[in-house]
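Taken verbatim from TrEMBL:
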BINDING   121-125, His184, Arg228, 279-283, 308-313  ATP binding site
DOMAIN    6-90  domain 'Phosphagen kinase N-terminal'
DOMAIN    118-355  domain 'Phosphagen kinase C-terminal'
Amino acid sequence: MVDAATIEKMEAGFAKLQASDSKSLLKKYLTKEVFDALKNKKTSFGSTLLDCIQSGLENFDSGVGIYAPDAEAYTVFADLFDPIIEDYHNGFKKDDKHPPKNWGDVETLGNLDAAGEFIVSTRVRCGRSMEGYPFNPCLTEAQYKEMEDKVSATLSGLEGELKGTFYPLTGMSKEVQQKLIDDHFLFKEGDRFLQAANACRFWPTGRGIYHNENKTFLVWCNEEDHLRLISMQMGGDLKQVYKRLVTAVNDIEKRIPFSHNDRLGFLTFCPTNLGTTVRASVHIKLPKLAADKAKLEEVASKYHLQVRGTRGEHTEAEGGVYDISNKRRMGLTEYDAVKEMYDGIAELIKIEKSL
Ligand SMILES: Nc1ncnc2c1ncn2[C@@H]1O[C@H](COP(=O)(O)OP(=O)(O)OP(=O)(O)O)[C@@H](O)[C@H]1O
Ligand SMILES: NC(=[NH2+])NCCC[C@H](N)C(=O)O
């Protein structure tokens, strides 16, 4: 049973959300019926419905508003997660199965902007959770330290282009940290969506960043997910960026076992990242198309793309630079997720040229 104080908090938050003008998927799918069916449930980690929804209850401007405090939450609270997953990932239904991992033929991708007219930079990232550990809200301080040690030791074995250094957030100067954030290499600090989800406990313990010398291959440790593996570089050469990521993931997964589920694919803290966990993005200037932001959003969504601001999610575009990426990550292969971005961006550039 869930204790009375937690139920009371949930009831109050639910009533406020219902009365709000929130556009979140949480508001859309947390009906009274679903709420009543789930409010007394708990995972074996002791996570309740409140742990899943508190970020969306505190942040009405959430697009989604829900996180899984531990992997079991996806099944215990499936009545809420399933319709949100279906909505976000283009119709991935509750009896659908995510396909097996398939990076495809890397050589079939190319440079999206060889003349360097539109694309500032290209990035592909994926997320991974380490087997044997729950997600952020359930991790102890000792686990954070243990995970950081495992990650930094493992990454110190990487060679060639991927060879680099692990920098713990603990002890990093504010200037270095801010410069890494401004240059788009490091996660921001104090994300209110993650904070409300109870995902920033013991910060900065266990958090850190690994990167190679050129900062074209990076790993985030214990921010939103246990691991985020990132490949990025200036310009539009998606083939090179993707190839580097695939090489890195293939190498690292031999050294660290990752949590995978038959139906959901790779497991992540946020349901938007399940499945392939792949977000392939470009920083791009499309001045004519973007003159009308609503039009840009409309055209992008036609190609299943998502538009973000220059500093990432929940930020605005600066100097006309947008972050445009594949939106869905589930129900298709890694290759197809990246190809969706590749084809969509090629179309957007074609449209921009025609205006
Ligand atoms: N194509 C790109 N080129 C350069 N920087 C990028 C590109 N795409 C994203 N970034 C930068 O990556 C950082 C993280 O962005 P953001 O948090 O939106 O995405 P994410 O790391 O994919 O994770 P999440 O989707 O969980 O937020 C930001 O600094 C953002 O500007
Ligand atoms: N980084 C993410 N998981 N992004 C997706 C959702 C972020 C936030 N919870 C929202 O609903 O807007």
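Just so you know, glycine gets a Cβ as well, placed from its N, Cα and C.
Note that the structure is a prediction, hence the values are computed from the model and not measured.
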* **Chain-internal residues, separated by at least six, CB under 8 A from Ser121 (ATP binding site)** => His184, Met232, Gln233, Met234, Gly235, Val282, His283
* Residues in the domain 'Phosphagen kinase N-terminal' (6-90) grouped by DSSP into helix, strand and remaining coil -> 51 helix, 2 strand, 32 coil
* To do: Sort Ser281 (ATP binding site) into helix, strand or coil using the DSSP assignment.
  => strand
* Structure fact -> Over the domain 'Phosphagen kinase C-terminal' (118-355) the mean pLDDT stands at 97
* To do: Report the member of Arg228, Arg308, Arg311 (the binding-site residues) whose C-beta atom has the most other C-beta atoms within 10 angstroms.
  => Arg228
* To do: Please report the number of other Cβ atoms within 10 Å of the Cβ of Val124 (ATP binding site).
  => 25
* Residues near Ser281 (ATP binding site) in space but at least six apart in sequence (CB under 8 A) -> Thr122, Arg123, Val124, Arg308, Asp323, Ile324, Ser325, Met341
